[in-house]
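*Asks:* Encoded as C-alpha cells, here's the structure I'll be asking about.
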C-alpha cells in the first residue's frame, strides 16, 4: 500500500485563541447555570492589556462578565510574571440581545408555523443554516485519528508539567504538532514532533528545554501509546523544540486571540471535513455546535457497531426548520454493510432535530468550559455525552446484524 505523511496540531490552554474560546465558554456556562434556556452567542478578543467580549445573549441569569473573564485568565496561569495579568487587564463588554428574527425561528420551527405540526420535538427550529460533519475511525481507542490524538495529549502534558511545578519555568502559551506516517489508512510510524513551549527568560534551549520536553512531556505519552498496543514505530522520530530559538514573549502580548480560530484543532486535526462553524460561546440551539456533537456521536457508534472502520457524516439545516435538509454518509470503502443501509439505520436510530439532539445529549448544562481546550472530541469525560457508544447495538439491529 502507499505510504504518506499526515500532520495535525494542537495548542495549550494558554494559547491566545484558546483563551478566547475558554472565556466564551466560561461565560456560556455561567449563563446556563443560572438559566438553562439561555440563548448565548459570545465572542472574545484578546490583545495586549485588553479583553473585549461581544455578542448576543437572551437570559434571565445575571452574570458578572468581568469576573468570569478574570477568573478564567488567572486559573490558566496569566499573572504579572507573564506580562498579561488576568487580575488587572482591561475588560470591555458589548453584549446585546438575540435578534427577534432569529428567535422566532428557533422558538417556533417552520414545521409548527407553516405545516401545523404538533410533535414537541418539531417545535424548535435550527438556529442557523449550515453544514456540520462528524467523524470516527478505529485507529485509536478513542476512535479519533492518531495525529490529533497525540498532538492533544502532548499539549495537555505541556500544561500539566507547568501546573504541577515539574517545569516551573514554563509559561501558559504553547503549541504541539505531530506527523505520522500511514501505510494506506493505518498509522505505522511517528515521524516528527514539534513543540513550541512558552518559557521564562534565561532558559537554555539545548541544555535544559529540549531534554525536559523530551523526558517530561513526550516520553510519558509515547509510553502511554505503547500500552495501547497501536503498533506504532516511535524509534528515531525527529524532535523540534522551539525552532525559532526563543519563545519568551507569548500569550496575548505576542499574538491577538479570537474565539473560533482553532476549529480544526477542536475537531479532527484536518483528517475529516469541517463545515466551518466554530463551537465556543454558542448555546446548543446553535446547530454549529450541537449537530457537530451529534454527528460525532453517530459516527462513533457506526464504527463501534462494526458497520465501518471509518465513518464521516454530513448533515445540513435550514434556519428555523427542525428537520435536517440533508444527510450524507461516507465510509471510504471500509464498510461491512452497504452504505445506503448504514444511512437508513442512522436515520432510524438517531433523531437529528435540534430539540432531540439537546434532549438525547443533555446539552442544557454548564459543561462547555471543559470542551474549550484539548479537543471537543476523543475524551471520554462524564459530561461528554457525544462520546458514548450507547447506540451501537441498535445500529447493528437496524441492519440485521
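Cβ coordinates are placed from backbone N, Cα and C, and glycine is handled just like the others.
Sharing the record's features from Swiss-Prot:
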BINDING   15, 173, 174, 175, 246, 247, 255, 261, 262, 278, 282  ATP binding site
BINDING   17  Mg(2+) binding site
BINDING   43  K(+) binding site
BINDING   56, 98, 255, 286  L-methionine binding site
REGION    98-108  region 'Flexible loop'
*Asks:* Restricting to the same chain and to residues at least six past its boundaries, which positions have a Cβ under 8 Å from a Cβ of the region 'Flexible loop' (98-108)?
*Replies:* 39, 41, 56-58, 123-128, 285, 319-321
*Asks:* Using Cα-Cα distances with a 10 Å cut-off, which of the binding-site residues 17, 43, 174, 246, 255, 262 are near residue 56 (L-methionine binding site)?
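*Replies:* The binding-site residues passing the 10 Å Cα test are 43.
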*Asks:* Spatially speaking, which of the binding-site residues 98, 282, 286 is closest to residue 43 (K(+) binding site)? Use C-alpha to C-alpha, please.
*Replies:* 282
*Asks:* Reported as an integer number of Å, what is the Cα distance between residue 17 (Mg(2+) binding site) and residue 262 (ATP binding site)?
*Replies:* 7
*Asks:* Cα-Cα, whole number of Å: residue 286 (L-methionine binding site) versus residue 262 (ATP binding site)?
*Replies:* 18
*Asks:* Other than its own, how many Cβ atoms are within 10 Å of the Cβ belonging to residue 174 (ATP binding site)?
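*Replies:* Result for residue 174 (ATP binding site): 28 neighbouring Cβ atoms inside 10 Å.
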*Asks:* Which of these binding-site residues has the least crowded Cβ, counting other Cβ atoms within 10 Å: 17, 262, 282?
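*Replies:* Per-residue Cβ counts within 10 Å for the binding-site residues 17, 262, 282 bottom out at 17.
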*Asks:* Do you know offhand how many angstrom separate residue 255 (ATP binding site) and residue 98 (L-methionine binding site) by C-alpha?
*Replies:* 30
*Asks:* Between residue 246 (ATP binding site) and residue 98 (L-methionine binding site), what C-alpha distance do you get in Å?
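*Replies:* Pair distance, Cα basis, whole Å: 44 Å.
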*Asks:* If you skip the near sequence neighbours and keep only those at least six away, which residues in the chain come within under 8 angstroms of residue 15 (ATP binding site), Cβ to Cβ?
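*Replies:* Spatial neighbours, sequence-distant, of residue 15 (ATP binding site): 173, 174, 175, 257, 262.
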*Asks:* So if I draw a 10 Å sphere around the Cβ of residue 255 (ATP binding site), how many other Cβ atoms end up inside it?
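*Replies:* I count 16 other Cβ atoms within 10 Å of it.
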*Asks:* Count up the helix, strand and coil residues in the region 'Flexible loop' (98-108) according to DSSP, in that order.
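*Replies:* Once the DSSP states are binned, the region 'Flexible loop' (98-108) shows 8 helix, 0 strand, 3 coil.
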